[in-house]
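First comes the structure, then the notes that go with it.
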Amino acid sequence: MPQAPHPTLPTRVPRPRNLPPGGERAGRGGLAALAQRPGTVPALIGFAAGALAFLLVRGSLIDDTYITLCYAGNLAFHGQWALVTGHPANTASSPLNVLLLAAAAFATRHVVLGLGLVFAGSCAGLALALDGLFARAGLRRGGALGAALLVIANPLLLSTVGMEVMLVLLLAVTTLRCALAGRVWATGLLCAAMLLTRVDAVVISAVCVLAVPTTRGRRLRIAGVAALAAAPWFLFSWTVLGGLLPDSVIIKIMNPGWQGLTFDRGLFVYFDRMPGAVAVSLLAALAGACWLLPALRTAGTGIRWTRPVAALALAAAAHFGLLLATEPAPFHWYYGPSVGLGTIVFAALCSRPSVPAALAEHRMTLAVALAAAVVFDLGVGVPWSLAPVSTNWATSAEYAEIGRDISPLLKGGAVASPGEIGELAYYCGCDIVDVFSSRAEFQHELTGWQARGGALRHDLVALDYLFADRGEPRPVVPYALVTVPSAPADSAHWHIGTRWTHFTMPDEHTLQLIRVSTR
């Protein structure tokens with residue numbers, strides 16, 4: 001008796017109703033499609049390079065970085081704009097940097113981990129922005145990645161991790177890219193962001209906007225957008241934090257230079273004391289500066305890359321010139337924006353469209369510069385214990401040890417800072433006092449400086465601090481940390497010293513905790 005045939009199975013599985021046509025392929029190829037999007041690969045490489053660089057420098061963060069981290073931690077975990085918990089202050093030079101670090105600290109629950117995330121993200125953003133800028137300018141896009149890596153590996157710039165330098169470079173490149181595209185709102189918002197990152201760095205944004213023809217007829221609107229976007233913060237700072245500008249800006253004006261040493265001679269002093277680091281850091285930027293005019297002359301007019309590259313060079317020169325004119329102390333991160341932009345100019349010149357022979361030479365030049373920076377960075381140590389360009393009096397590890405040790409010795413009392421406060425405040429968690437942490441101490445110095453000036457200084461200070469409480473009593477400080485040649489064996493003291501102090505403080509390599517008479 002014949003058997004009934006088995007039912008045949010369907011050869012095609014029905015597609016689920018909630019999956020759009022092609023959804024299976026989209027799911028399988030999503031990552032591949034993402035990787036093919038312009039800028040994705042450079043951004044990922046930039047993030048990875050930034051993360052590795054942060055792991056390298058994590059143990060060598062400079063003292064001013066820790067001031068920023070204290071502000072970020074207090075904002076993230078206590079809702080306070082303060083260097084020392086419980087004592088509101090307004091000495092954070094870069095409000096936007098603090099806000100970004102505070103957001104990352106709140107998300108990660110760790111301030112230093114948040115810094116690593118922000119730094120790696122800034123490196124990714126810089127690589128992405130350079131990729132877009134080089135593409136718009138008709139430069140080799142591979143050179144954009146080389147430019148980003150050369151900036152990330154720069155020893156001077158790595159010595160500023162945690163400060164706002166990388167953020168300034170990211171905003172400068174992105175502003176120029178948006179200005180070239182004629183995007184009014186985006187350009188204006190980026191200019192406002194630069195103003196909140198560093199007040200003096202707004203000159204970089206101004207040059208990027210003014211130097212390209214695509215912003216003609218739109219510059220007033222860009223300025224208006226920037227003013228409207230930045231105004232709320234400055235109004236808040238003026239009425240709530242007590243000053244229109246960060247108090248640190250006024251402190252730097254009140255104390256120009258280091259015993260006569262100002263910005264104009266700073267690089268020469270750094271080169272004298274840290275020749276290898278300074279030479280490697282400046283090599284690409286100086287080469288770009290020397291190469292630029294001949295390259296522009298050879299290119300002639302109407303070539304796409306000339307305007308953007310010239311704009312970056314002019315922005316670097318404008319910022320450097322502004323600092324030369326105002327003569328601040330030669331903090332090494334002040335050189336960061338001009339060195340970083342000059343390095344990008346060098347990489348852009350190496351990425352020009354050329355005949356094959358010249359193209360190979362340009363690629364080799366960029367590769368050699370990058371290799372030199374990486375070899376130097378690794379030669380400093382893995383990981384770093386002290387930044388190769390630094391003016392701190394102690395290593396990061398020494399300050400961390402001192403900060404942990406003094407907390408129980410103070411018994412709840414306040415201590416006067418020795419002059420560097422950031423890392424001590426971060427690790428001590430105690431009431432450490434100086435003009436950066438105490439509003440009353442700052443106002444005391446400000447009053448004396450205001451009285452020594454003329455009518456214009458008096459009126460400007462009065463306007464800037466119109467809403468500040470200028471009658472706050474100075475804190476009682478029963479202890480002080482002082483640098484001395486030596487200390488009694490039974491006293492609380494710690495040995496400190498860096499290559500910088502061997503030149504500037506050759507006889508004072510001990511930090512001592514002393515009891516002082518209270519005011």
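Placed from the backbone N, Cα and C atoms, the Cβ positions cover glycine too.
What TrEMBL records for 1-29 is region 'Disordered'.
The transmembrane segment annotation in TrEMBL covers 39-57 (among others).
Taken from TrEMBL, the feature transmembrane segment covers 110-135 (among others).
Within its own chain, the transmembrane segment (147-173) is flanked in space by residues 42, 45-46, 49-50, 53-54, 56-57, 60-62, 64-66, 68-69, 93-94, 96-97, 100, 115, 119, 122-123, 125-127, 129-130, 133-134, 190, 193-194, 197-198, 201, 204-205, 208, 277-278, 280-282, 284, 312, 315, 332-333, 335-337, 339-341, 343-344, 346-348, 351, 366, 369-370, 373-374, 376-377, 380, 387-390, which lie at least six positions past its ends and keep a Cβ under 8 Å from the stretch. Summarising the annotation, TrEMBL assigns transmembrane segment to 147-173 (among others).
Per TrEMBL, the feature transmembrane segment maps to 224-245 (among others).
The transmembrane segment annotation in TrEMBL covers 276-296 (among others).
Here the transmembrane segment (308-326) has Cβ contacts under 8 Å with residues 133, 136-137, 172-173, 176, 180, 200-201, 203-204, 206-208, 211-212, 263-264, 285, 288-289, 292, 296, 334-335, 337-339, 341-342, 344-345, 348-349 of the same chain, all six or more residues outside its ends. Residues annotated as transmembrane segment in TrEMBL: 308-326 (among others).
With a cut-off of 8 Å between Cβ atoms, the residues of this chain six or more beyond the transmembrane segment (332-352) that come close are 64, 130, 134, 137, 139-140, 142-144, 146-147, 150-151, 154, 156-157, 159-160, 163-166, 168-169, 172-173, 198, 201, 204, 263, 266-267, 270, 281-282, 284-289, 291-292, 295, 299, 305, 308-309, 312-313, 315-317, 319-320, 323, 362-363, 365-366, 369, 389-391. Among the features that TrEMBL reports, transmembrane segment is placed at 332-352 (among others).
Under the heading transmembrane segment, TrEMBL lists 364-386 (among others). If you look at the transmembrane segment (364-386), the same-chain residues 6 or more away from its ends with a CB under 8 A from one of its CBs are 53, 55-60, 143, 146, 149-150, 153-155, 158, 276-277, 280, 283-284, 287, 346-347, 350-351, 392, 395-397, 498-499.
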